[in-house]
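Colleague: So TrEMBL has the following annotated:
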TRANSMEM  37-54  transmembrane segment
TRANSMEM  66-88  transmembrane segment
TRANSMEM  109-126  transmembrane segment
TRANSMEM  153-180  transmembrane segment
TRANSMEM  192-211  transmembrane segment
TRANSMEM  274-294  transmembrane segment
TRANSMEM  315-332  transmembrane segment
TRANSMEM  344-364  transmembrane segment
TRANSMEM  385-405  transmembrane segment
TRANSMEM  425-448  transmembrane segment
């Protein structure tokens, strides 16, 4: 067999899309989160055209189901970070042979390149020359450092890659940490668990230190920030002109002269820069995933009995999940609750950790042995639906493509008529078409570029692993986000 035939195996790769991984429930959880973020971004495509508060259109939008989705869907992003922490830690702790950790990390970086190459190719084909003049907007996304770069230099078509940047930064630090703890210092699972637990507790302290509750009072009651003001004005103006969209609902003079708009813009930009994108704020979800991996390995050595204490803990987690569900289906109005600054700070600083812990528990109940007191066979059956497997494996490419495809379909494509349709109807229609097109493109790219590139890098660097570790690596490689997402 020639080397080229060994690298290109499209039929085999297509069949592998439908083969379940070792942790099949992870595919179900990842797909559910991924589709939620895709829908969120499609809603934002339509929201960009809604005039800002206090216009009547904006007040009507606050009453829609789409606004409810945009209020809660960003929390789903923690699921992707949770899964990365889990899979990375589980793989590192179960590798039997010694590995070159730095080559291991570099190989992971190479796995991002096919997806980035796909979106760059899409931009090259469908963008005109005026959009490519500022080459630095595209270059800073390539080394995955954009969440440390001023958002003025971000490309709207590549905005989703901020979560990939965060993912890779954690991949470097967490890989080295777990490697040294387990292989260099020979710590047992319980000791590693305690160290990770301390890191999780420290994340609360970091969030409290970085959060400024005073900024919560600079907005008028009932005013929700328009996503447009979170972006650079000139950048968005070019984007609108390129797509032949109506003039912006706000202009640079209005934003500069109106104190409320100016304060809102500064607050949101600072929030994104210091409390949304940075690694030191977001690492808690990765650590929760690491704790889940260690806990799962510990449970394999000592299956718990169905005692009273286990049932009590299961009840507590069940109550937390019910509270999360109720908060999603019921839109709480801040102006009615009038929470204190202290309460706002507590909620804002702990919401990510709480969401991560709840989803970690849900995932744990599907991964433990059937004899374990926490095992949930019904949830496991739901998350193991076969349709989730290919969607999960294509999620990285779909995540990078969907926003740009949705924008092209709506702004200058066949779905342009949806701009006059109610957003609660327009968004689901656009979601279906965007998902179909994105999945088809991602499937072709997966079989002819992404998987051949993986074989080529494996062959070049001779980084051999056992079959089980290959399976876990495949899971990690398909856990690029969303989504992360935002």
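Cβ from N, Cα, C; glycine included.
What you are looking at is a predicted structure, and each value in this text was computed from that prediction instead of being measured.
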Colleague: Which residues of the same chain, at least 6 past either end of the transmembrane segment (385-405), have a Cβ under 8 Å from a Cβ in it?
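Modeller: Those are 16-21, 24, 26-28, 30-32, 34-35, 37-38, 41-42, 45, 114-116, 118-119, 122-123, 126, 157-161, 434-435, 437-439, 441-443, 445-446, 450, 474, 477-485, in sequence order.
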Colleague: Using a threshold of three or more Cβ pairs below 8 Å, and leaving out pairs closer than 6 in sequence, do the transmembrane segment (37-54) and the transmembrane segment (109-126) count as in contact?
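Modeller: Taking Cβ pairs at least 6 residues apart, the transmembrane segment (37-54) and the transmembrane segment (109-126) are not in contact, as fewer than 3 fall under 8 Å.
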Colleague: For the transmembrane segment (274-294), could you work out the same-chain residues 6 or more beyond its ends whose Cβ comes under 8 Å from its Cβ atoms?
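Modeller: For the transmembrane segment (274-294), the list is 78, 81-90, 93, 147-148, 162, 166, 169-170, 173-174, 178, 189, 192-193, 196-197, 199-200, 203-204, 206-207, 210-211, 352-353, 355-357, 360, 363-364, 486.
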Colleague: Residue list, the transmembrane segment (425-448) vs rest of chain: Cβ under 8 Å, 6 or more residues beyond ends.
Modeller: 8, 10, 13-14, 17, 35, 38-39, 42-43, 45-46, 66, 114, 118, 390-391, 393-394, 396-398, 401-402, 405-406, 409-410, 415, 418-419
